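Participant: From Swiss-Prot, for reference:
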type	residues	note
ACT_SITE	107	active site, proton acceptor
BINDING	29, 30, 31, 32, 85, 86, 87, 88, 98, 99, 100, 101, 125	substrate binding site
């Protein structure tokens, strides 16, 4: 049986086939992108592509620069041709949860700008409903994070925790906190997102709804391509 890393690497050829010529490329954050990015950089170099990357986190921008990929800031581009990113969960409608790496706001900005948004996952990320195996991240202001937590818990039977890293509160690249929400089955993601996004102090949610154009899945049987 292949491990998760092997399943992710299986998707490599399908990911690389999306990259060509002159392109502004949105580069996602997380373990999948960190695994695939060196091969993407090698392809760009070998084929002489004129690729400019727009990165979703400081961490991935540092790695991309080290690999020789030309990087620019989001405000330096008018459009993004293709965004490639991982996901924490994908449901049957290709709605996804992202934000395990804490970069959900910047990921959403870049993925929404992209003409095409391709998601790369292994089969463990495919679920029947959002929240089945992964907590929904919500990026919030430090000032009133606890009041937001209480309001989220009052919405339904939701357990909410402020994210910590080695006993220290996790801070996003935007200087905010992350609240991780364990969702019960039956939560409507559209309604819950609307509730959250209208709470004062909520920066963004980890719901990426109706955004993915294609999901590339590494499975024990091979690569599966999911499209709407």
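Positions of Cβ are set from backbone N, Cα and C atoms, glycine also.
Keep in mind it's a predicted model, so treat the numbers as computed, not measured.
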Participant: Starting from the Cβ centroid of 29, 30, 31, 32, 85, 86, 87, 88, 98, 99, 100, 101, 125, which together make up the recorded substrate site, report each further residue of the same chain whose Cβ lies within 8 Å of that point, ordered by sequence.
Facilitator: 28, 33, 107
Participant: Using only the Cα atoms of 29, 30, 31, 32, 85, 86, 87, 88, 98, 99, 100, 101, 125, which the record gives as binding substrate, return the largest interatomic distance in Å, rounded to a whole number.
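Facilitator: Value for the max Cα separation, rounded to a whole number: 16 Å.
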Participant: Let me know how many other Cβ atoms fall within 10 Å of the Cβ of residue 85 (substrate binding site).
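Facilitator: Taking every protein chain into account, the count is 29.
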Participant: Rounded to an integer, what is the Cα-Cα distance in Å between residue 125 (substrate binding site) and the residue listed as 'active site, proton acceptor'?
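Facilitator: So the Cα of the residue listed as 'active site, proton acceptor' lies 18 Å away from that of residue 125 (substrate binding site).
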Participant: Name, in the order they occur in the sequence, the residues of the same chain whose CB lies under 8 A from the CB of residue 98 (substrate binding site) and which sit 6 or more residues away.
Facilitator: 85, 86, 87, 88, 104, 107, 108, 137, 206, 208
Participant: Counting only residues 6+ away in sequence within the same chain, which have a CB under 8 Å from the CB of residue 31 (substrate binding site)?
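Facilitator: When sequence neighbours closer than 6 are ignored, residue 31 (substrate binding site) has 8, 86, 101 within Cβ distance under 8 Å.
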Participant: Far apart in sequence but close in space: which same-chain residues, 6 or more away, have a Cβ under 8 Å from residue 29 (substrate binding site)?
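Facilitator: Same-chain residues close to residue 29 (substrate binding site) (Cβ under 8 Å, separated by 6 or more) are 55, 56, 57, 59, 60, 85, 86, 101, 103, 106, 107.
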Participant: Counting across all protein chains shown, how many other Cβ atoms sit within 10 Å of the Cβ of residue 100 (substrate binding site)?
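Facilitator: Looking across every protein chain shown, the total is 21.
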Participant: How many other Cβ atoms are found within 10 Å of the Cβ atom of residue 125 (substrate binding site), counting all protein chains shown?
Facilitator: 24
Participant: Among the recorded positions listed here, 87, 107, which has the most company in the form of other Cβ atoms within 10 Å of its Cβ?
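Facilitator: Within the set of recorded positions, the most crowded position is 107.
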